[in-house]
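Asks: Per TrEMBL, transmembrane segment is recorded for B:6-27, B:39-58, B:64-85, B:97-115, B:159-176, B:292-311.
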Amino acid sequence: MSDTMHQMHGTGETGAVQPAIELRGIDKRFGAVHANKEIDLKVDKGTIHGIVGENGAGKSTLMSILYGFYQADAGTIHVDGKLCDIRGSEDAIAVGIGMVHQHFMLVETFPVLENVILGVEGGAVLRDGVDRAREELQRLEREYSLDIDPDAIVGDLSVGLQQRVEILKALFRGAEILILDEPTGVLTPQEADHLFRILETLKEQGKTVVLITHKLREIMAATDNVSVMRQGAMVAHRKTAETSPEELSELMVGRKVLLRLEKGDANPADTVLKVENLCVDNAQGVRKVKNASFNVRAGEIVGIAGVSGNGQSELLEALGGIRSVSEGVVELNGQDVTPGKGVDAAELRRRGVAHVPEDRHRMAMVTAFSAKEAAILGYEDDPAYQKGVFLDWQAISNATANMMSEFDVRPANPDLKAANFSGGNQQKLVLAREIMRNPELLLVGQPTRGVDIGAIEFIHKRIVAMRDAGKAVLLVSVELDEIMSLADRILVMCDGAIIGEVAASEANERVLGLMMAGVDPNEAKAVEGQS
Amino acid sequence: MENFELVILLLDATLRTSTPLILAALAGMFSERSGTINLALEGMMLGGAFSAAAVAFYMNDPWIGLLAAIATTIALSLLHGFACITHKGNQVVSGMAINILMSGLTALVGIALFAQGGKTPALDKAARFQPITLPGAEAVKDVPIIGPIYFELLSGHNILVYIAFLAVPAAWWVMYRTRFGLRLRAVGENPGAVDTAGIGVVAMRYRAVICSGVLVGMSGAYLSTAQGASFLQDMTAGKGYIALAAMVFGKWRPFPALAACLLFGFLDAAATRLQGVVLPGIGEVPVQLVQALPYVLTVILLAGFIGRAIPPKALGRPYVKER
C-alpha cells in the first residue's frame with residue numbers, strides 16, 4: 001500500500017490522492033491579536049512542505065492548532081481526507097501527527113528510552129513495555145540512521161541529538177506526518193544538514209514533513225512545496241522549484257527586500273579594543289571564556305560566530321562591564337579598562353563603549369517602562385536630562401522623539417509602554433539609544449533576534465553606517481548569515497576559546513560550521529578544499 | 001551488655017519517632033516530584049491527627065479514625081491543589097495558609113466538641129493501634145543478640161510503623177517502575193513534555209497530591225492514635241517541616257529520604273534519653289537544648305547540603321501553556 005503510494009508520488013501524480021493534511025478556514029484570535037486569519041492549506045502526502053513567514057506571522061500558532069495545543073475559533077482540519085476533531089495532543093497523535101517543538105519537550109533527567117515511551121508506556125508497569133520499546137527504537141534508529149543510545153540521559157546529549165530524540169518520539173508514536181518548528185535555530189550547519197538528510201529519508205519512507213522556518217535558504221534546500229504567511233494570513237503557495245528566495249522574501253514582507261547587504265570595503269584604522277588572554281568564569285566557577293585574545297580596529301566590524309552557549313554571551317557581557325573578568329587585560333584606545341578593576345559598565349559608557357546586550361527584554365530595556373524611560377536607561381544621569389534634582393521630562397521626550405524619527409521607530413510615541421512595541425521597534429529604540437551617543441566602540445549581541453525582516457535590513461544598515469563613520473564594532477550573533485553579511489573579520493568561538501579567525505571574503509558556511517564544531521581552522525579549510 | 005540493651009532501646013525508639021517523618025516525607029515526595037511544593041504537610045498532619053483522634057474516640061475504632069484522617073488530608077490536598085494547580089496560586093503561600101488554618105481549626109473544633117482546652121479525650125486501648133507481636137518473637141526472646149533484636153527492636157510495634165517502612169520500597173517501585181511514576185516524575189520536570197505526549201498535566205498533578213494526602217493522613221493518625229492516646233494542640237511541633245527537610249536532604253528520593261528520617265528520628269529518641277543525663281565534662285544537659293537538637297541539625301544539614309540537591313525542574317511553577 002505505502003509502496004504504491006510512494007510510486008505515485010515519484011511520478012508527481014499528487015492530484016489523485018487525498019492530501020495528508022488539509023486545513024480549511026482556520027481562524028484564531030488571542031484577545032485583540034488576530035493570529036490566524038481564515039487559513040487554507042494543503043500538504044501533499046510524502047512531501048516536505050515548508051511554511052515561511054516572519055516572526056509573529058502566525059506559523060507556530062497554526063501548527064499548535066494542528067497539534068491540538070490550541071483550539072481554532074473556526075475552521076476544520078482534515079487528515080487523509082477525513083475530518084478530524086483535534087482537541088488535544090492525544091487526538092493529534094491518534095491521527096498520526098507528530099511534532100518537534102522549537103523548545104524541546106523532553107525530560108532532561110530521563111534516559112532517552114523513558115522520554116520516548118512517555119505517554120505510550122504500553123502497560124501500567126514499565127517493564128511490560130520497555131523491552132518492546134527498546135526493540136522498536138533500535139529498528140527506527142537503523143531505518144532512519146538516527147544513531148542514539150537509548151540509555152543516555154537526555155540532558156547529557158548535544159542539542160542536535162536531543163532533537164533526534166524528539167523525532168524518535170514522534171516516530172515511535174506512529175507518526176505519518178511530522179511537524180518541525182524552527183528546527184535549525186540551535187544547530188550548527190553540519191547538524192542542520194544531517195537533520196535534512198533524516199527528513200529526506202522520512203520522505204522516502206512515505207512520511208509527510210512540515211517544516212516551519214524563517215530561513216529561506218532551508219526552504220530552498222529542503223522542501224518540495226512552500227506556503228508563505230504574513231500577518232496571520234496565508235498569502236501564497238508555491239512549488240519550491242518554481243520560486244526564488246527573492247520572491248519568497250517579498251511575499252513574506254509585502255514589499256521588495258534587499259537580501260544581500262550592500263556594503264563597501266572596510267577601512268580599518270587604529271586599534272580601539274584590544275583584548276588579551278581574557279578569561280571569564282560564570283557564577284558556578286565554570287570557565288566560560290578561555291584565553292581570548294583579539295582586537296577591533298576603528299572602521300571595521302568584527303563578528304563572533306559560534307553555536308549558542310559557547311562563551312560568546314559571557315565575552316560580550318564582560319566587555320560591556322557587567323561581568324567581572326578572572327584573568328586577562330582589556331584595553332580601550334591603549335588604556336586599561338579591564339572590567340572588575342574599578343571599571344564598571346557606567347565607566348565604560350563614559351569612555352565611549354556602547355553595549356546592545358543579547359537579551360533585549362532581560363538586559364536592554366524594562367518593558368514595563370514607557371519608551372522615553374527606556375530610551376534614557378544607562379544615560380539617565382546625563383546633564384541634558386536633568387532639571388535641578390529632577391528629571392527634565394520635556395527634554396527626555398524630545399530626545400526620544402528624535403531617536404524615534406532617526407531610527408524609524410513606530411509608532412513614534414515616546415509615552416507608549418515599551419512592551420507595546422514590536423520586537424523590531426524595541427530593538428531599533430535600543431540601538432538608537434546606544435548609537436546616537438556616538439560611541440567609539442559598539443558592542444552588539446544578537447541585533448536581529450526576534451526582529452522582522454524589514455527591521456533587520458534597517459538595523460544592518462545602521463551598523464554598517466557606524467563602521468563607515470570610523471567606529472569599531474564587535475558583533476556577536478548565532479545567525480551565520482548575519483555574521484557573514486555584516487562582519488569584515490570573523491572570529492569563531494567554540495567551548496569558550498576563540499578557535500580561529502577568517503576574513504569575511506574567505507568565509508563560507510562549511511568552514512565556519514566545522515570551526516563552530518571545534519575543528520581546527522586549518523583542518524577545516526583542508527576538509528573544505530577536498531570537497 | 002547493658003550498653004547493647006541501651007542501643008536496642010534507642011533504636012527501638014528511633015523506629016517509633018521516625019515513623020511519622022517517613023510517611024510525611026514520602027507524602028512530600030509525591031507532591032513535589034509532580035511539581036507542587038507541599039509546605040502544608042505540617043498542617044495536614046495536624047488535621048489528620050485531630051480527625052483520627054476525634055473519630056476514633058466516637059467510634060472506638062482506630063481504623064475508622066485512620067480513614068477519617070486520610071479523608072481529611074485528601075480534602076486538604078485537594079484544597080492545596082485547587083489553589084496551586086487549578087488557579088496557579090503561589091504554592092508556598094497556599095501551604096502556609098493551610099498550616100495556619102489547621103493550627104487554629106483543630107483547636108477550635110476540639111474545644112467546641114470536647115471542651116478540654118483543644119485536646120481530645122484520652123483514647124481507650126480499643127480505640128488505639130496496639131503493638132503487634134511478630135510470629136516467633138516470644139520464642140526467640142531469650143536467645144542472646146538475636147532475641148533482643150527481634151523481640152525488642154523489630155517486633156512489638158503497631159501496624160502503622162510497619163506500613164511506614166513498607167511504604168518506602170513501595171513508593172520507590174511506584175515512582176521508578178510504573179507508568180504512573182514515570183508520568184509523575186515527568187510532570188515535575190517538564191510539564192510541557194507530558195502535555196505534548198497527550199497526558200493531562202492538571203489531572204496528573206492532582207493524582208500526585210492525592211497520594212500525598214493519603215500518606216500524610218496516616219502520619220497524622222499515627223501521632224494521635226498510635227504513638228499518643230489523644231490529640232494535643234499543635235502536637236506536630238514542626239514534624240511536617242522536618243519531614244520536608246528530610247525529603248529535600250534525601251534529594252526527593254525514597255531511600256535517601258528514609259535515611260534522613262531515621263537520622264532525625266534517632267536524634268529525637270536520643271534527646272529523650274539524654275534528658276537529665278549527666279555527661280562527663282559538660283554536666284547535666286539542659287532539656288531545652290537537647291530537644292532543640294533535631295531542629296538545629298535540620299538547619300545545619302540544609303545549609304550545608306541543600307546546595308547540591310537538585311529539585312525537580314518545574315517545582316513551584318504552575319503549568320501555563322505558552323502563547
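Going from the start of the chain as shown, residues are counted 1 onward.
Backbone N, Cα and C define each Cβ position, glycine as well.
TrEMBL: automatically predicted annotations, no manual curation.
Are these features on the surface or tucked inside, and what touches them?
Replies: Remote same-chain partners of the transmembrane segment (B:6-27), defined as residues 6 or more beyond its termini with a Cβ less than 8 Å from a stretch Cβ, comprise 38, 41, 44-45, 148-149, 152-153, 157, 160-161, 163-165, 167-168, 171, 211-216, 218-220, 222-223, 227, 239-240, 242-244, 246-247, 250, 254, 257-258, 260-262, 264-266, 268-270, 272-273.
Outside the transmembrane segment (B:39-58), and at least 6 residues removed from its termini, the chain residues within Cβ reach (under 8 Å) are 20, 24, 27-28, 64-73, 76-77, 80, 91-92, 94-96, 98-103, 105-106, 109-110, 113-114, 120-121, 123, 127-128, 213, 216-221, 223-225, 230-231, 234-236, 238-241, 243-244.
With a cut-off of 8 Å between Cβ atoms, the residues of this chain six or more beyond the transmembrane segment (B:64-85) that come close are 31, 36-38, 40, 43-45, 47-57, 91, 94-95, 97-98, 102, 127, 160, 202, 205-206, 209-210, 212-214, 216-218, 220-221, 225, 318.
Away from its own ends, the transmembrane segment (B:97-115) comes close to residues 39-40, 42-44, 46-47, 49-50, 54, 76, 79-80, 83, 121, 231, 233-234, 240 of its chain (Cβ-Cβ under 8 Å, at least six residues beyond either end).
With a cut-off of 8 Å between Cβ atoms, the residues of this chain six or more beyond the transmembrane segment (B:159-176) that come close are 15-16, 19-20, 22-23, 26, 29-30, 33, 66, 129, 132, 184-185, 215, 218-219, 221-222, 226, 253-255, 257-258.
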